[in-house]
Amino acid sequence: MNNIVILPIVIPFLTGALLVLFPKYVMIQRLLSVLSFLAVMGTAVHLLQQVGGEGIQILNLGGWEAPFGIVLVADTFSLLLVITSCIVALGCLIYSFQSIEWERERFYYYAFIQFLITGVNGSFLTGDIFNLFVFFEVMLLASYVLLSLGGLKKQLRAGIMYVLINIVSSMLFIVAVAYLYAVTGTLNMAHLSVRVAEAGQPDLLTAIALLFLVIFAVKSALLFFYWLPESYSAPPTAISALFAGLLTKVGVYAIFRMFTLIFYHEPGITHSVIAWMAGLTMILGSIGAVAYGNIQKVLAYNIVIAIGFIVIGIAVFQEAALTGAIYYLIHDMVVKTLLFLLGGAMVGLVGTYQLKEMSGMIRNHPYLGWMFFIASFALVGVPPLSGFFGKLLVLQGTLETQFYVLGVIGLLSSLAVLYSTMKIFMNGFWGENQLSKEDEKTSTHGLLLPCTLLICVSLFLGIGVEWVNPYVAAAASDLMNPAVYIEAVLGPA
Amino acid sequence: MAFVIGIFFSIGTYLILTKSLLRIILGTSIIGHGALLLLLTMGGLKQGGAPLLGAEAAPYADPLPQALILTAIVINFGTTAFFLVLAYRAYQEFKSDDMKKLRGPEHE
């Protein structure tokens, strides 16, 4: 029992509730939002150290013992993701101080960012599958509002599609939970793991596992990513960057958790389906990223490629690959947000999304250009930047387990990532400078600070592998040994 | 119950596939009810006493599905309300609730 475990959920929730009360005082709102994220990050780091010393920390809510009540579980994997999501959210928050119009700021923008983070952190920390559904809904409802806040035509159009697809997949989530409860009689993840292991995962449970896979694949844009490019390019930059960094990654987290903790007995069926989905996602995402000439679309398809790549780690189901996948997941959350923010700054300067209509920006904005360059190299995985280590481990894993095709697709998709980001860089920054200082639509004043913050984190992840790796390796080894998780939640068997 | 749930799901799916936005929202709502009924049925429609301390009964009914459904109903209500407002806003903006007209011209 450790009461601190609930703080990463409660702090943003209470802050959000407080912020709803006085929407007009923008400065106080900004200050409180930043403080709340810093506090969450502090508690998460503290918890991470406790987990390192004393093992997985749990909290039985309301004092109900584990299989009966709802339990919050903080292990290394979830805490790493909580910390990363705070960094990402902080970056987007500081970016939005300058870039979000005051109309949005006064209509509960900051409050809904807090609620979004409540949902995200809750999904990472919960140890109960229905509670996971609830936190997913908290997160999604906040994201519906953020997506359509402002009511532009583009946003409404994308919003309707996004809301519809998520409502349908949430309904399927309820259906899957109902089936699972009927078969196993429990919803606590650790208890589920025990029950499924006792039953040896018969075909019925495998079918339920595949239903869960479909649901989380829709949420994480794995293979079913039709909704993603449209809806992520509709809202203002800060919001779409936040979505890019966090929302799909929560779905990926759920896939990781479900298929390492509960449904790991039939890898021949479930994990090979995941492998197929990962491969197809990378191929289709690459095609999209190469084909479009619109910055936001290109970046959105890059999210899709990364999702496919991360999921390889779970498809090959081997400790080294899983370590790599977690590393890449953390790196991708940071760098993808960074790229969206930088892309948004470029779009803000030129006033158009089309690559053809921009060129030569490096003359007036060298700093922006080089940051974009470094970020895209980090994304591709050029050593010593942050993507390299994760990619190396994942590819090593595919070779050791003879998933050669998946490894090759992963490598080729890196080329597509390189091509598509360099396309943006060359079109945007090279060539004749057509844009004089006076013609610029907005300034980059105040936008570069959060980008610098995120790029420092990315560099730290790349150069500081030695410091970060023990935590990531511990997270992966916990995932590979469900017994550790079960013992922490249910007590020694 | 299985038939009722099946009918709910098929009506909901049909409505979601229609053109009118309002029907789509009704469809999600109906599918939602189907899913909740499924949750109730899957929890087992048992005969039993109320699961309260002091209610003397040999078998108690399982309270968990009802707690889950209550939560899910609230969430369902919230999302449906939001979706309706979004649809109304879209109707004001586009002067139509026809999904084909909502798709807009910007498909490169």
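The backbone N, Cα and C atoms fix where each Cβ goes, and this holds for glycine too.
For reference, TrEMBL has these:
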| type | residues | note |
| --- | --- | --- |
| DOMAIN | A:128-414 | domain 'NADH:quinone oxidoreductase/Mrp antiporter transmembrane' |
| TRANSMEM | A:6-23 | transmembrane segment |
| TRANSMEM | A:30-48 | transmembrane segment |
| TRANSMEM | A:68-95 | transmembrane segment |
| TRANSMEM | A:107-126 | transmembrane segment |
| TRANSMEM | A:132-152 | transmembrane segment |
| TRANSMEM | A:159-184 | transmembrane segment |
| TRANSMEM | A:269-292 | transmembrane segment |
| TRANSMEM | A:299-317 | transmembrane segment |
| TRANSMEM | A:337-355 | transmembrane segment |
| TRANSMEM | A:367-389 | transmembrane segment |
| TRANSMEM | A:401-426 | transmembrane segment |
| TRANSMEM | A:447-468 | transmembrane segment |
Discussion item. Can you work out whether the transmembrane segment (A:401-426) touches the transmembrane segment (A:107-126), with the criterion being 3+ CB pairs under 8 Å where the paired residues are 6 or more apart along the chain?
Written reply: no
Item to complete: May I ask for the residues of the chain that lie six or more residues beyond the transmembrane segment (A:269-292) and have a Cβ under 8 Å from a Cβ within it?
Response: 206, 209-210, 213, 217, 221-223, 225, 229, 255, 259, 263, 298, 301-305, 307-309, 311-312, 314-317, 403, 405-406, 409-410, 412-413, 416-417, 419-420
Discussion item. At a Cβ cut-off of 8 Å, and with pairs 6 or more apart in sequence only, do we get at least 3 pairs between the transmembrane segment (A:337-355) and the transmembrane segment (A:447-468), yes or no?
Written reply: yes
Discussion item. Cβ under 8 Å, sequence separation of at least 6 from the ends of the transmembrane segment (A:447-468): give me the contacting residues as numbers and ranges.
Written reply: 87-88, 90-95, 98-99, 327, 330-331, 334-335, 337-338, 341-342, 345, 348, 367-368, 371, 374-375, 378, 383-389
Worksheet item: Under a Cβ pair cut-off of under 8 Å, which of the recorded stretches A:6-23, A:68-95, A:299-317 contacts the transmembrane segment (A:107-126) most often?
Response: A:6-23
